[in-house]
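Residues or ranges marked as compositional bias 'Polar residues' by TrEMBL: 1-33. Positions annotated as region 'Disordered' by TrEMBL: 1-39. Residues annotated as transmembrane segment in TrEMBL: 148-167, 179-201, 213-233, 239-259, 280-304.
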Amino acid sequence: MDNTATQSGFRQQPNMRMGNSSMDGTDGSQLFEDTSGVAAGPQAGYSNQQAGLQAAGFSGQSLLSDPMSNLAMAYGSSLASQGREMVDKNLDRFIPISKLKYYFAVDTVYVGKKLGLLVFPYMHENWEVSYQQDTPVAPRFDVNAPDLYIPAMAFITYILVAGLALGTQNKFSPELLGVQASSALVWLIMEVLAVLLSLYLVTVNTDLTTIDLLAFSGYKYVGMIVGVVSGLLFGRPAYYLSLLWCCAAIFVFMIRTLRLKLLSEAAAEGRQVRGSRNQLRMYLTMSIAGAQPLFMFWLTYHLIR
């Protein structure tokens with residue numbers, strides 16, 4: 001009996017402890033504070049705020065689906081496209097960028113052949129520009145095609161060589177170099193304008209454009225560079241000899257090139273150049289070619305002492 005009581009008492013002791021712990025759980029004081037309700041507070045507030053904005057009609061989808069905003073966006077895009085087309089049209093009217101790409105479509109082989117043709121044009125036979133479907137091929141495929149790469153690079157190189165020549169004479173200054181560059185550019189523009197006026201007065205039907213005339217007029221800077229560099233290296237006699245050679249070369253080059261451009265009607269029909277109008281064309285061709293040596297000497301003689 002005692003053992004039974006003892007065992008029963010031993011078995012009931014955990015029940016009493018469990019009962020006490022359950023009674024402690026019902027007490028107001030807890031070992032750890034329950035923060036689940038506190039964490040849910042800001043989320044609940046944010047969700048309530050978002051629900052309030054949606055209820056007030058300020059959702060992102062409502063802004064995108066608003067007919068007035070869509071109309072404003074479409075109107076703005078149409079104005080931007082119209083402005084871009086207007087700028088491109090006016091820019092292409094004064095500066096034909098699409099045509100300028102053709103004149104800079106060159107490669108190393110073309111540049112080497114063209115420079116050789118400008119310095120020694122006497123052995124070249126075929127001077128006609130190649131066409132593909134009534135469109136002239138790119139300069140890199142035809143050495144007879146005019147380009148702007150060589151004239152532009154030759155003009156810049158001429159200015160640099162002129163600065164070097166002025167430095168050897170102890171006359172270099174940024175202002176004097178600027179005068180040299182501006183005077184060369186002004187003479188080039190006046191030459192092109194004079195040729196355009198002459199073509200208008202003679203009423204020549206030709207496919208020569210202003211860019212073509214600018215390219216042909218800019219080829220003389222190659223001979224000018226050769227003359228000035230020769231003068232700097234070997235003295236004044238070398239300048240005169242090299243410049244004389246380059247002047248004769250550019251004269252022959254311009255005659256054989258412009259002859260097909262200005263006398264295209266007579267050349268296409270295979271008849272001789274006769275009549276007053278054709279004589280005027282021939283005189284104009286000779287005048288343009290003869291002006292190149294004069295400009296070459298005028299712009300370089302003061303650089304060699």
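Placement of Cβ uses the backbone N, Cα and C atoms for every residue, glycine included.
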For the transmembrane segment (280-304), which recorded stretch in the set 148-167, 213-233, 239-259 gives the largest number of Cβ pairs separated by under 8 Å?
239-259
Beyond the flanks of the transmembrane segment (239-259) by 6 or more, those residues with Cβ under 8 Å of it:
117-122, 124, 127, 144, 208, 216, 219-220, 222-224, 226-228, 230-231, 267, 285-286, 288-290, 292-293, 296-297, 300, 304
